[in-house]
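*Asks:* Under the heading transmembrane segment, TrEMBL lists A:6-26, A:33-54, A:60-82, A:89-110, A:130-156, A:177-205, A:211-231, A:238-260, A:266-284.
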């Protein structure tokens with residue numbers, strides 16, 4: 001298998017944690033809320049899923065536990081920012097620190113243990129294609145994530161729910177005036193984002209690298225937040241961004257396999273460096289950000 | 001002002017003027033709430049809450065030796081938080097102090113690593129200066145990205161912290177590894193002159209603590225008395241007004257990040273040239289992140305931060321104690337820190353708002369249009 005085939009085959013799986021967390025954050029930000037706690041939400045979801053799977057509960061229950069646990073933690077964020085109109089940046093950081101702390105606390109006795117990952121399902125026919133065949137051999141969660149991406153895209157493009165979410169984010173006062181409860185919409189969006197971050201962490205911990213190590217999320221939650229900016233709040237572009245980061249995180253492995261003499265630390269920091277560079281390029285186009293950005297992002301709502 | 005009648009929940013009503021009592025009480029209340037929640041958690045985990053309270057909150061004050069360790073721990077937290085608070089007041093969210101701290105430690109270590117035989121009283125001051133410059137340089141990347149490229153400083157500064165941790169690993173496993181260090185990822189032990197002189201005999205408290213106190217005073221003068229400090233604050237509170245007054249947003253961002261990076265870098269330098277004495281992986285116990293909490297808990301005010309840095313240092317030292325005596329996992333410190341900040345963010349709401357409880361039993365007839 002050459003490097004290109006290797007990256008194509010692994011890209012979607014590597015992208016899934018980024019994709020799930022970024023889709024969740026997209027919905028939260030579209031409703032006008034900036035939740036910077038994704039890293040901690042993912043870490044909590046990861047440890048909960050790992051514990052459930054390790055104890056024999058199975059992958060499905062593992063994902064359920066991760067989704068519920070992280071949604072519950074994100075509701076604390078909602079309580080503080082919507083109930084008490086706290087600074088969203090500070091509250092997000094607090095949730096992040098709390099989530100990472102809880103993750104380390106719960107996972108302490110599971111350090112370095114492993115669980116079994118899920119089998120991969122191949123699309124008949126397509127998976128036999130040369131070079132790109134690997135793209136069509138993925139585990140069930142990857143397939144579900146692709147469907148979820150489509151569903152969220154359709155929700156924003158065609159459904160009333162998508163319109164309400166955007167109205168609440170763009171102009172909460174107007175949304176309130178025509179009878180929508182801004183707070184309720186935002187609470188639900190935050191809980192959804194929390195559950196998605198939990199699923200993302202679960203995927204990372206029990207499928208992608210089914211081994212528990214404290215700090216295993218390793219900045220992926222932060223990259224997911226950056227992805228929402230890269231994707232200029234558009235589902236399709238966020239998907240492409242997640243694939244790019246999936247590929248970048250595999251490039252390190254591919255480079256090592258070909259015996260390239262590059263320090264491993266440089267390869268590990270590649271996703272962070274790419275984030276910084278892409279963030280600079282995209283943000284420099286101020287018009288693009290203004291056009292697609294969410295008008296009330298980060299501002300507390302007061303009637 | 002409308003309120004949701006028909007609900008038993010109280011509503012938040014804006015106060016006529018900010019409550020001073022709430023400002024002072026908020027951190028105390030947050031501390032109490034965090035304490036109760038975390039002790040309940042320890043109880044659930046099957047640990048003895050009484051032993052933990054003793055180890056965490058009393059033991060640090062039981063002897064001069066352990067209290068001097070609290071002061072030693074408070075030093076870097078205080079220094080970093082003073083720098084960050086200046087930025088936070090200008091609404092420049094530098095959350096990458098961890099990376100700026102690491103770069104400070106690396107820059108400072110360059111002197112003893114490349115000149116291990118050098119002697120003279122110039123070495124430790126030069127290291128502190130180098131470290132501060134290193135931290136400021138690392139922060140200037142974020143400033144450039146924010147001012148010239150319009151990139152979000154939260155994300156860039158955080159990513160740079162993750163890169164800094166990898167850079168530290170690279171140096172310790174590669175070019176800066178102590179050849180006689182049994183392959184441990186650490187540099188050589190620094191020579192005597194590369195160490196900041198001890199302040200009080202018998203303790204590890206050193207001159208950098210004095211520097212920190214002097215800089216805290218400088219932060220107070222800068223923020224409360226100087227025109228540049230005033231411009232920063234106006235920029236944070238009312239960006240448009242600042243624009244009309246001709247205060248440049250770009251220079252506020254540069255200044256905030258350079259000050260934050262300088263302070264964090266100095267703190268990193270003081271750690272390697274102080275209690276640690278070499279460059280290692282574990283130079284920071286999450287100081288850069290904890291300092292964010294210290295800054296908020298101190299109300300972003302230079303004097304409040306002195307108090308909150310001490311509180312946070314007690315939590316660190318107490319957490320270490322409780323790990324030894326009550327078998328409390330060290331991760332519990334992070335949980336405590338997170339819940340402390342959340343508690344504070346709730347409590348601080350009462351500075352500007354008060355709760356209004358529904359006066360009468362809710363009836364459908366009371367439902368007034370908003």
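Glycine residues also receive a Cβ, built from the backbone N, Cα and C atoms like all the rest.
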*Asks:* Can you say which of A:60-82, A:130-156, A:177-205, A:211-231, A:238-260 has the most Cβ pairs under 8 Å with the transmembrane segment (A:6-26)?
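*Replies:* When the Cβ pairs under 8 Å are tallied, A:238-260 comes out ahead.
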*Asks:* For the transmembrane segment (A:89-110), find every same-chain residue at least 6 residues outside the stretch whose CB is under 8 Å from a CB in it, and list them.
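*Replies:* Distant Cβ neighbours of the transmembrane segment (A:89-110) are 34-44, 46-48, 50-51, 54, 70, 73-74, 76-77, 80-81, 212, 214-215, 217, 221, 298.
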*Asks:* Verify whether three or more Cβ pairs under 8 angstroms connect the transmembrane segment (A:60-82) with the transmembrane segment (A:177-205), leaving out any pair fewer than 6 apart in sequence.
*Replies:* yes
